[in-house]
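If you look up TrEMBL, you'll see 35-55, 61-79, 110-132, 139-163, 175-194, 201-223, 243-260, 328-350, 356-375, 387-404, 416-436 marked as transmembrane segment.
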Amino acid sequence: MAEKDPNYPAASQILYPLEAKPPIHTAALVGLQHVLAMFVGVIAPPLILAGIVGYSKEESAYLLSMGLIGSAIGTIIQIKRRGPFGSGMLCVTGTSFAFIPILAETGKAGGIPLMIGMSLAAAPMQMLFAPILPRLRNFFSPIVTGTFLILIGFSLVPAAFTYIIRGFGTEAPVWAPHLMAGITIVIVIICNGLGRPFLRLTSIVLSLGIGYATCAIFGWVQAPPPSTGWVIIPVPFHFGLEFNWAYLLPFALMYVFSGVETVGDLTATSEFSGEPTTGNVFWNRIQGGVLADGLNSVIAGILNSFPNTSFSQNNGVIQLTGVASRRIGYYVSGFMLILGIFPPIGRWISITPPPVLGGLTLILFSFILVAGIRVTTARHPLDQRSVLVLAVALGTGVGLQMKPEILDVFPDWVRLVFGTPFVTGGLVALILNGLLPNRIKEKA
């Protein structure tokens, strides 16, 4: 077992470290909370993309189930660490949101077959990129990985507010969404602030459960969507495959950038788990995690799903619960597999009131931002060089988040690839970190 990172101030607060074996009831409870935190994030991309191509409810349900099953398989590969594949940490996976813009454009040209065909064709690019990462460790300094994490968190937080603003989809007072989001946040704070392990372990399920029940009492929960069948069995290449050379480069670049995002996500996983964020152990985990993401995207394509990646918000679950044991991943995978094969179960999770979900994800997403700040400043105080890199990179990423139309003058593929704020801002940090002299004298 690797040493806990002595520079991580909350390492002593971890209830179950990486190789710990939590009791079955504890592991199942924490695994369920990971599923609750990620479920909407897993099902949203296939639903969005199915809507773009005009698929029926039955076809959409099939895509959704394949996303859940792909997530289950991918999580097992990440936590198991077989050969070079897998991070060996509590890293859960799901369909990547970052690919949605380019998948949407591809879908307009050739539907789901072209989306899946291009996803499969370019996935090896991520696996080719992974072995190079340890050699680039000098470029991925704490200031770079911290910048990635800050921008990932910054790009996710608005989604939490979107959930709150969306409301309940039923008649409710205008103040009700804000109230329910606030109640959810307060419950999480109380559960974590009282210092009792049981409350900390159950903070997510308690906040969602109380919020869900309260909304149901007042009639603020929508009816679940109609069932499309009790069981769905995967059929490889169910929708067929198509290929178009015009989309290969954008997809290949997106896989490289997705790999860089995984570096940031796994850095946060290490940070929240009290594990090293530098050194050979850390970089072996990074390489294995990025390799696994590439392999998982291939498996997802075979199952008729879309590129997979590590899920950032689940690092927030590690922080909230204090459970970093990778064995939790087996329970997450089991739950996701059940939800994928038996769709009626997932229907009831899918109608979790958006304001309740928004209150919870606001905390989970913000943890990613805070992890970036911690990684950036943990090793040493920021010198003038680090401040310069951080300022330019964050300014670029945040500015792009707020004014994406600045890229409208560029070709479509540039907007598709560089329109993601953490990609562009992170690349700026990476380039500046490599180009600027190692030391810039601080002036008195």
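Just so you know, the numbers here start at 1 and follow the chain as drawn.
A Cβ is built for glycine as well, from the same backbone N, Cα and C atoms used for every other residue.
By the Cβ criterion (distance under 8 Å, sequence gap of 6 or more), the transmembrane segment (201-223) is not counted as touching the transmembrane segment (110-132), fewer than 3 such pairs being found. The transmembrane segment (328-350) and the transmembrane segment (61-79) are in contact, since at least 3 Cβ pairs between them lie under 8 Å (pairs 6 or more apart in sequence). Pairs of Cβ atoms less than 8 Å apart link the transmembrane segment (416-436) most often to 139-163, out of 35-55, 139-163, 243-260.
By the Cβ criterion (distance under 8 Å, sequence gap of 6 or more), the transmembrane segment (139-163) is counted as touching the transmembrane segment (356-375), at least 3 such pairs being found. Panel annotation: around the transmembrane segment (175-194), residues 163-168, 200, 202-204, 206-208, 210-211, 214-215, 218, 220, 320, 353-356, 358-360, 362-363 of the same chain, lying at least six beyond its termini, place a Cβ under 8 Å from a Cβ of the stretch.
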